[in-house]
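Engineer: In case it helps, TrEMBL gives these features for our protein:
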| type | residues | note |
| --- | --- | --- |
| ACT_SITE | 437 | active site, proton acceptor |
| BINDING | 52, 304 | FAD binding site |
| BINDING | 175, 176, 177, 178, 179, 180, 181, 182, 263 | NAD(+) binding site |
| DISULFID | 43-48 | disulfide bond |
| DOMAIN | 6-319 | domain 'FAD/NAD(P)-binding' |
| DOMAIN | 339-445 | domain 'Pyridine nucleotide-disulphide oxidoreductase dimerisation' |
Ligand code: NDP
């Protein structure tokens with residue numbers, strides 16, 4: 001018999017925490033998970049899932065227009081935000097139910113309360129109940145950062161944006177990263193006047209420069225406005241509820257909604273980490289080793305709270321590896337090389353491996369192959385939007401070290417192609433593969 005109430009106590013039922021709980025329980029551990037809000041975490045409740053559904057909803061704006069060129073008599077269509085919002089939120093409820101079932105089926109005790117660490121093996125729940133566990137896993141995710149400027153409280157973050165009462169006529173989106181670009185596309189398609197405000201001159205730092213430039217070009221062409229190198233001074237709210245965003249230099253911008261998409265910081269406040277000597281990095285993330293173990297032997301952490309890669313599939317892998325290591329007699333770590341990622345902008349972009357700049361820095365001699373083309377569907381639709389695929393090849397070994405693309409369905413295509421890059425295949429291997437015609441993906445095996 002264990003001396004503890006639980007073998008594993010998990011704090012936070014998001015992607016990483018739920019995976020770790022259910023796998024540990026399947027290995028025979030007695031597991032509890034505390035969650036102060038809803039089961040599913042950022043991805044399911046206020047991130048990837050509802051966002052992707054909004055992206056689908058937004059795409060109809062162009063699809064309905066394009067359909068006319070394909071012979072369909074589409075009347076002028078109106079868009080009702082509240083219908084989409086409610087359907088999306090209902091689907092989130094459905095998914096949350098599935099997550100709860102998963103925990104239930106694996107006999108994981110779900111405790112709907114906030115938990116605070118009291119020591120290496122101790123946790124206190126909001127109700128005052130004290131529990132002990134052989135191991136504690138922190139998987140509390142991250143939380144949106146709101147810049148420290150006057151009037152910032154008048155803005156919203158991705159936490160609130162799914163619940164709006166109405167679709168804003170004019171929206172200002174602060175930031176130039178994932179969330180900013182995804183919501184710029186979404187609201188633009190819904191008919192909002194969108195202005196993106198960025199403190200630097202660069203969007204989506206980390207992605208290949210040519211692909212980023214293409215997104216900027218297409219976004220501008222569609223009518224999204226950009227204010228680069230802009231330093232905000234304050235946000236004022238008028239009596240009619242509208243906002244004015246003032247800058248240190250340049251004209252103010254009036255809007256109905258201000259969305260901060262300025263990064264996310266590890267969610268560690270009030271967790272009691274100091275009671276167990278759990279160390280944080282300079283950026284406030286929980287420091288962990290390759291096995292997700294913190295500076296306290298019995299406490300582990302996975303997912304965004306460790307700020308390794310803020311991506312759902314990575315958190316899931318970390319949670320799974322953790323559970324296998326501790327409870328499955330199968331010590332293993334996560335391989336962070338060649339993790340594909342995508343931005344569900346309009347059009348979407350995706351990438352895996354090294355960008356051209358990274359490859360030039362690391363490898364010296366590289367070969368770059370690009371295909372800059374107008375997808376067949378866009379041609380008939382009269383849509384002047386070009387896709388761009390880019391392959392980065394190590395000139396010495398012929399190995400494909402990076403693949404980057406922007407265009408319709410880029411994330412779907414890249415997920416499959418990422419297997420080849422991860423497997424270390426050569427450009428010749430791509431060339432040896434017969435094209436699947438007519439498709440957009442065939443460009444990948446026809447690069448000259
Ligand atoms: P990102 O890190 O992608 O982008 C943050 C943006 O905000 C950058 O443009 C940054 O500018 C800017 N910024 C940061 N601080 C300030 C500030 N104080 N004032 C003004 N601008 C500022 O963060 P997101 O919030 O968009 O997303 C958070 C994370 O969530 C992402 O990093 C990603 O890992 C994950 N995510 C993934 C998605 C996906 O996989 N499709 C979708 C959504 C989120 P600068 O470049 O100058 O630093």
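Heads up, the Cβ atoms here are built off N, Cα and C, so glycines get one too.
Note that the coordinates shown come from a computational prediction; the quantities given were computed from them, not determined experimentally.
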Engineer: Average pLDDT across the domain 'Pyridine nucleotide-disulphide oxidoreductase dimerisation' (339-445)?
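Structural biologist: It averages 98.
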Engineer: Which recorded positions from the list 43, 175, 179, 263, 304 come close to ligand 1, meaning a Cβ under 6 Å from one of its atoms?
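Structural biologist: 175, 179, 263, by Cβ distance under 6 Å.
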Engineer: Give me the non-local Cβ neighbours of residue 177 (NAD(+) binding site): same chain, 6+ apart in sequence, Cβ-Cβ under 8 Å, ordered along the sequence.
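Structural biologist: When sequence neighbours closer than 6 are ignored, residue 177 (NAD(+) binding site) has 203, 204, 205, 261, 262, 263 within Cβ distance under 8 Å.
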Engineer: Sorry to bug you, but what's the C-alpha spacing from residue 175 (NAD(+) binding site) to residue 48 (disulfide bond), rounded to the closest Å?
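Structural biologist: Between the Cα atoms of residue 48 (disulfide bond) and residue 175 (NAD(+) binding site), the distance comes to 18 Å.
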Engineer: In which DSSP state, out of helix, strand and coil, do we find residue 181 (NAD(+) binding site)?
Structural biologist: helix
Engineer: Given residue 181 (NAD(+) binding site) and residue 437 (active site, proton acceptor), what distance in Å do their CA atoms have, once rounded to a whole number?
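Structural biologist: Computed Cα spacing between residue 181 (NAD(+) binding site) and residue 437 (active site, proton acceptor) is 31 Å.
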Engineer: Could you state the CA-to-CA distance between the residue listed as 'active site, proton acceptor' and residue 52 (FAD binding site) to the nearest Å?
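Structural biologist: With the alpha carbons as reference points, the distance is 28 Å.
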Engineer: Give me the DSSP three-state residue breakdown of the domain 'Pyridine nucleotide-disulphide oxidoreductase dimerisation' (339-445), ordered helix, strand, coil.
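Structural biologist: Tallied per class, the domain 'Pyridine nucleotide-disulphide oxidoreductase dimerisation' (339-445) gives 38 helix, 33 strand, 36 coil.
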Engineer: Let me check the 10 A CB neighbour count of residue 263 (NAD(+) binding site). How many other CB atoms are there?
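Structural biologist: Its Cβ shell of radius 10 Å holds 15 other Cβ atoms.
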